[in-house]
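Peer 1: Supplied in C-alpha cells, the structure appears directly below.
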Protein chains: 2
Amino acid sequence: MLASDYMSLAVAAAKRGGPATYTNPQVGAVIVKDGQVLATGYHHYFGGAHAEVDAMQQLTAAQLRGATLYVTLEPCSHFGKTPPCCRRIAAAGLQKVVIGQLDPHPLVTGHGRDYLQSHGITVETGCLAATVATLNRHYDWFYLHQRPWITLKYAMTLDGKLTAQRGQRSLISNHASYIDSQHVRQHFQAILIGEQTLTIDDPQLTVRLTTLAHPPVRLVLLNNSTAAVNTKLTQPSTVPTYLLCRQAAASDAQLSAQPNVHVCIADWTPAKVSAWCARNGWQSLLVEGGSHLQADFVAAELVDELIIYLAPTVFGGQGLPTVTGVAAASPLTFTTPQVTVFGDNLKLCLQRKEAQ
Amino acid sequence: MLASDYMSLAVAAAKRGGPATYTNPQVGAVIVKDGQVLATGYHHYFGGAHAEVDAMQQLTAAQLRGATLYVTLEPCSHFGKTPPCCRRIAAAGLQKVVIGQLDPHPLVTGHGRDYLQSHGITVETGCLAATVATLNRHYDWFYLHQRPWITLKYAMTLDGKLTAQRGQRSLISNHASYIDSQHVRQHFQAILIGEQTLTIDDPQLTVRLTTLAHPPVRLVLLNNSTAAVNTKLTQPSTVPTYLLCRQAAASDAQLSAQPNVHVCIADWTPAKVSAWCARNGWQSLLVEGGSHLQADFVAAELVDELIIYLAPTVFGGQGLPTVTGVAAASPLTFTTPQVTVFGDNLKLCLQRKEAQ
C-alpha cells in the first residue's frame with residue numbers, strides 16, 4: 001500500500017466523527033508498522049480524545065515504537081481540552097508521522113510539525129491534500145480568513161422565484177429536498193434568516209432528523225424585536241436564538257427574559273454579522289433567506305457557496321425573485337455545479353470561484 | 001428479432017431526415033421477409049419520397065410480395081405532394097403492415113389503416129409507441145391541438161436573472177450553450193422575440209451552423225414598427241420577418257417595402273400569436289424572450305416546454321428577473337428536468353405536465 005492509501009483510510013475514519021466534533025475539526029489517524037495497519041482512530045466528539053490518541057490507545061508500547069502515524073491534520077502541540085498529541089507521539093517513540101494538512105488554527109499551525117521534527121521524528125506533509133481539504137472546509141476557511149464560511153441556501157422555481165406572490169409563503173421543493181435541507185443544516189454552526197422570513201414562515205430552524213450536541217444557533221436580522229414576539233424562535237428552547245435588531249423596542253426586555261433568547265442591538269450589515277459570528281467562534285453561517293437578505297449578502301460579496309433546490313414550477317411575472325433588493329457591484333461567479341437529483345427536484349451546489 | 005426491434009430500426013432511419021422534412025413529419029420504414037431485413041427507408045426531405053416508398057423502391061416485385069412493412073407513422077391515403085402510399089403498398093402485395101402511431105393529420109388519421117385492412121392486409125398499430133412519439137412531438141401536437149408546440153428558451157443566472165441591469169444586455173451562457181441553442185432553433189418553424197429584446201440585443205434569429213431548406217420564420221411582438229427600423233431583422237434576407245404590431249406607424253410602409261419583411265397590425269396576445277401561427281401552418285414556436293414576453297406566455301398558459309441554460313453566476317438584487325410582468329393565475333408545473341452539462345453551464349429541458 002502507498003502512503004496515500006493509508007491516508008485514505010484515515011480520511012474515511014475522520015468522517016465518522018461528523019458534526020459531533022464541532023467546533024473541532026474532523027480528524028482521522030492510522031498507525032502502520034511493517035506494512036500492517038495496527039490501529040485506526042478518529043476524533044469522536046468535541047472534548048473527546050484526538051484521533052492520534054484514539055489510535056495509540058489501542059496499541060502496546062512495543063507496537064508503537066518505530067511505527068508510522070498517518071494523520072489527516074497536523075497533531076496539536078498546545079494544551080487544550082486534552083494534552084498535546086505531539087508530546088505523546090514523541091514519548092511513544094514513533095518513527096515517522098505523515099500529515100494530510102497543517103492545522104490552520106493559529107495555536108497549532110507549523111508548531112506540531114516543528115515539535116515532532118525537533119524530537120527526531122521524520123515528518124511528511126501534504127499527503128492526499130486535495131481529499132483531506134474536503135474534510136473541514138468550514139474550519140479551514142474560518143482560521144485562514146478569520147470569518148465564517150457563508151452558504152446561501154434557497155429553493156427556487158424555474159423562473160427564479162421564491163414565492164408566487166410577495167408576502168405569502170409558497171411550498172416549492174419536494175419532500176426529498178426538505179429532508180436533504182435538514183441534513184445540510186447540521187453541518188452549520190449558525191443559521192440566519194431575515195424579518196420577512198420570520199413573519200411569513202415562522203420557522204423553527206432546528207435540525208429535526210438527528211440529535212446534535214451543538215446544534216446551530218439561530219439568528220434573525222430585524223429592524224426591531226417586535227416582529228419576534230410570539231414566534232417559534234423565541235419559545236423556550238435548548239438552542240439559542242439571537243435577535244439582531246437595528247433598533248431598540250419595548251419588546252426587548254420581555255424577549256430577553258426568555259431562556260436562550262438574546263436581543264443584540266447594532267447597525268447590522270452582512271459584514272458585521274460575519275465579524276460577530278467570528279468573534280463567537282462560529283465557523284459557518286447558513287443564510288436561509290429571504291430574498292432581500294440574500295441580495296444583501298450578494299452585494300457584500302459574502303457568499304462562499306450556494307445550495308439551490310430547483311423545483312419544476314414556474315410562478316410567472318409577479319412572483320418574488322429569489323434575490324432582490326440592493327444591487328451587486330459586480331456578478332459573483334461560481335464553480336461548475338454539483339447536481340443531485342431528488343425526484344423532480346434538482347439540488348445544485350456551487351462554490352464561489354474566489355473561494356477556491 | 002421482435003417487432004419492436006424492427007420498429008427501432010425504423011425510428012433510427014426516421015431521424016436521418018431531421019428538420020429537412022418540415023413541415024412533414026420524420027418517418028422511417030423497414031421491410032422484412034422471412035426474418036430478414038430487406039430494405040430500410042426514410043423521408044429524406046419535404047416533397048421527397050415517403051419512407052415506405054423509399055424502402056419499397058429498393059426491392060423487386062418478388063421481394064415485396066408477402067413481406068411485412070414496419071413504419072413509424074400510418075401510411076398516407078390521400079394525394080399530397082406524392083401519390084398515396086397505401087395504394088402502392090396494397091398493389092405490391094405486402095402481407096402485413098406494423099405501424100408505430102396513427103397519423104394525427106386529419107386527412108390521414110385512421111384512413112390509411114382502414115384502406116390497408118380493406119385490401120386484405122394485416123395491420124398492427126401502436127408498436128413501440130412511446131419511442132415513436134418522440135419523433136414528431138411538434139407535428140403531433142399541432143394536429144391534435146390545432147396550435148403550435150410552444151417552447152420558452154432562456155439563459156439565466158443562479159438567482160433567476162436575465163441581465164445584470166434592466167435595459168442592458170448581459171452575456172450569461174458559455175460558448176457550448178450558444179452552439180446548442182443554435183441547434184435548438186433548427187427544430188422550430190417560428191421564433192418570437194419582444195420589443196426590448198429587439199432594441200437591446202438586435203439579434204438575427206437565424207440558424208447559423210447549418211443550411212435549412214425552410215429555416216424558422218422570425219416574429220417580433222411590438223407596440224409599433226418604429227423600433228424595427230435599421231435592425232438586423234429587417235435587412236434583406238431569404239428568411240421572412242413578421243413585425244406583429246399593436247399599432248400602425250409611419251415606418252410601416254418603408255419596412256413593408258423590404259423583401260420578406262411583413263408588418264401585421266392587430267391586438268396581439270399570446271393566444272392570437274398562437275392561432276395565427278396555426279393558420280400559417282407553423283407547427284412549433286420558440287419564444288426567445290425577453291422577460292415580459294415570457295411572463296405573457298406563462299400567464300396565458302401557452303408554454304409546452306422550457307429550455308433553460310443555467311450559468312454559474314449571481315447578478316444580485318437589481319438584475320432583471322427571467323420572467324417578470326403580468327401575474328400568472330396559477331403556477332405551471334413541469335416534468336422531471338432532463339439535464340445536459342455544457343462545461344460549467346447546465347441545460348435543463350422540461351415539458352409541461354399538462355402536455356404529457
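Note that Cβ sites are derived from N, Cα and C of the backbone, with glycine treated the same way.
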Peer 1: According to TrEMBL, A:Leu205, A:Arg208, A:Glu288 bind substrate; which of A:Arg185, A:Arg279 is also listed for that site?
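Peer 2: When TrEMBL describes the substrate site, the candidate it includes is A:Arg185.
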Peer 1: Report, in whole Å, the straight Cα-to-Cα distance of A:Glu288 (substrate binding site) from A:Asp201 (NADP(+) binding site).
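Peer 2: Counting only the Cα atoms, the answer is 11 Å.
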Peer 1: So for A:Arg185 (substrate binding site), how many other CB atoms are inside 10 Å of its CB?
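Peer 2: A:Arg185 (substrate binding site): 22 neighbouring Cβ atoms within 10 Å.
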Peer 1: Looking only at A:Glu52, A:Asp201, which of these recorded positions has the biggest number of Cβ atoms within 10 Å around its Cβ?
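Peer 2: Result for the most crowded candidate: A:Glu52.
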Peer 1: What count of other C-beta atoms do you get within 10 angstroms of the C-beta of A:Ala155 (NADP(+) binding site), across all chains shown?
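Peer 2: Taking every protein chain into account, the count is 24.
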Peer 1: Which binding-site residues from the set A:His50, A:Cys85, A:Glu288 come within 10 angstroms of A:Thr197 (NADP(+) binding site), judged by C-alpha positions?
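Peer 2: Near A:Thr197 (NADP(+) binding site) by Cα: A:Glu288.
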Peer 1: Among the recorded positions listed here (A:Glu52, A:Leu205, A:Arg208), which has the Cα closest to the Cα of A:Cys76 (Zn(2+) binding site)?
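Peer 2: Smallest Cα separation from A:Cys76 (Zn(2+) binding site) among A:Glu52, A:Leu205, A:Arg208: A:Glu52.
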Peer 1: What's the CA-CA gap between A:Glu288 (substrate binding site) and A:Cys85 (Zn(2+) binding site) in angstrom, rounded?
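Peer 2: Given the Cα positions, A:Glu288 (substrate binding site) is 39 Å from A:Cys85 (Zn(2+) binding site).
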